[in-house]
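Worksheet: the structure to be examined is printed underneath.
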Amino acid sequence: MSTVSTTARPAGSPSRRRRATWPGRGGHLFVAAYVVLLIAFGVVPTVYAVYFAFTDAGDNFAGVANFVAAAGDFRYLSAIGHVALYLVCWLVSLVVLVVGLALVLHRVRSAGVSRVLRFLYYIPGALAGAASVMVWLFVLDPTVSPVSFLMRALGFSTFGEVVAPGHLPVLFTLIAFWTGAGGWIVVMYGALNNISPDLLEAARIDGAGAWRTAWHIQIPLLRKWIVYMMILAFAGGTQLFVEPQLLSQASVGVAGRDYSLNQLSYDFAFQNNNVNTAAAISVELLLIGLVVAGVFVARSGFFDAD
Amino acid sequence: MPTDTRTPAATTTSAGSARSSSGRPRRGRRRPNPLSALVLVLFLVFFVLPVVWLLLAATKTDDQLVHGNPLSFGSWQALADNWTALTSFQDNAIFLWLRNSAVYSFIALVITLCVAIPAGYALAMNQFRGRRTLLVATLVVMLMPNATLVVPLFLEVNAVHLIGSMWSIILPYSFYPFGVYLTYIYFSTSLPRDLVAAAELDGCSQFGVFRHIALPLATPVVALVGFFSFVANWTNYFLPYVLLPESDQFPVQVGLGNLLNAVPQFNPTVGTAAVQRPELALATLLAITPVLLVFLFSQRFLVAGMLAGATKE
């Protein structure tokens, strides 16, 4: 069929001839509105941030002075360590559990049960932002928590003991997974639905069990979605802000206001009125995100139009 | 052609059912084993228990919250009292915040859909100059830390005298690269090339292909993009917090922050305008209800059979 379409393409009609002189015309029309928004609310602010990172308060070129100032801050290295540790916990749990749950859910025979479960798993997603942190402020407090028996069994009896600094990466992972996983499970489930039943049937006839089908057929076909999830989760993870900020507010400083890089950046911008150093930290975060995304993209053929 | 593809499918199905003892060969799935069921139930508890707790907390007095069973029901009277106390906070402010959230989120949602779906479609199906640049730029902007973008956005919006205007919120919300990527991935993995080639052969214009072939097949991804964009807008806190100076313009998220600051247990400096924790739980419930309703409404589109059988018709 495809050979027919390429050879029989009518060359005579005027519209065809015009398109031949400007092959991307249709594509450009389709993306025009998006490009306007991208420039106004993506590119311009980004360029602005880079400009801030390399200038001083008097708009003079400052070289890397802002980056040096940030790196010289006593909170800088520990903030990097905190964020890195959190990212490892967050990414591993997200990929393993979301893909695993979507696969298990996809094998549930009853459409009704599967739909109800997806809805219930998703519900915390509606509590993103301030709401989720508020809920967890209660859940992590043994005096009012619905799982206080669990925390007492683990030896914690006060909120201060639960939010001890060493526990924070795990706690932030819990909060982020609780709010974020449901949405990704919905996405992965939809992607799994897109895999042809004939293909799975064929694998079954060849003797593949659930594990082999998942490992050799379903997960490879989910690759683009998994890569996409990793990139966004990594970017989101480096931006850790709301959780430590509100937790520090409620725990009277057990979790510091300088736990994550973004908190440090926020402090520079809005407490010290030092937008330039704040921008330097943000540009560093951007660069880290780009390098990691570049590795993922290069290794997965993410941009191939097939 | 159609019979050719159907015949082998039929034979494989019958072969499958002959081998499987459980019958029901249609979807090729077996009865879930107890381990799977246990995993699903454990995660159900993890995801739902805090929400159930939140629902119940709204029916209690603050004293019951601390001393009663965490999973007990308070009383309807306490719920009514909490409702009265919450709505009287700053003279019905909670309803104003909810209305603001709805206006910002829905206008931005409409713009997002009109912009993101065609863009993602063109990126997936067309080769045009700047395509790769656009994909990379979109990804870069998605990775940009929020805290970096908010201050430059503030300066940019200020330069065009839109600070305090609802458009200073709606337009940045409308820019939704995540939706463009979802659409891009969907079309590049799920739209059959044969179908597009056949339509072009029949003389369909590029816009015609999009309008008559791609869009009807794109219902699941439109629902997905619309849904995620709505939720992202509804739950955004930082941007309106910086760009909207007036309390009567706040969306409900920033309003929740205001309420949080008025709770003595979180902010010991609160004076007479104190808010109790159960009222805060009630306000949180009100804030999340619209998102849950939209999810219920769009869910049947999110996971439908998608493109099954599209090329066979």
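A Cβ is built for glycine as well, from the same backbone N, Cα and C atoms used for every other residue.
Note that TrEMBL annotation is computational and uncurated.
Feature list (source: TrEMBL):
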REGION    A:1-20  region 'Disordered'
TRANSMEM  A:26-54  transmembrane segment
DOMAIN    A:80-296  domain 'ABC transmembrane type-1'
TRANSMEM  A:83-105  transmembrane segment
TRANSMEM  A:117-139  transmembrane segment
TRANSMEM  A:170-192  transmembrane segment
TRANSMEM  A:225-242  transmembrane segment
TRANSMEM  A:278-298  transmembrane segment
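Among the listed stretches A:26-54, A:170-192, A:225-242, A:278-298, the one sharing the most Cβ pairs under 8 Å with the transmembrane segment (A:83-105) is A:170-192.
With a threshold of 8 Å between CB atoms, the same-chain residues lying at least 6 positions outside the transmembrane segment (A:225-242) that come near it are 83, 86-87, 90-91, 94-95, 98-99, 129-130, 133, 172, 176, 180, 184, 187-188, 191, 219, 259-263, 266, 285, 288-289, 292-293, 296-297, 300, 302. Tertiary proximity for the transmembrane segment (A:117-139) is limited to same-chain residues at least six positions away from its ends with a CB under 8 Å from its CB atoms, namely 101, 105, 108, 145-147, 171, 174-175, 178-183, 185-186, 189, 242-243, 246-247, 250.
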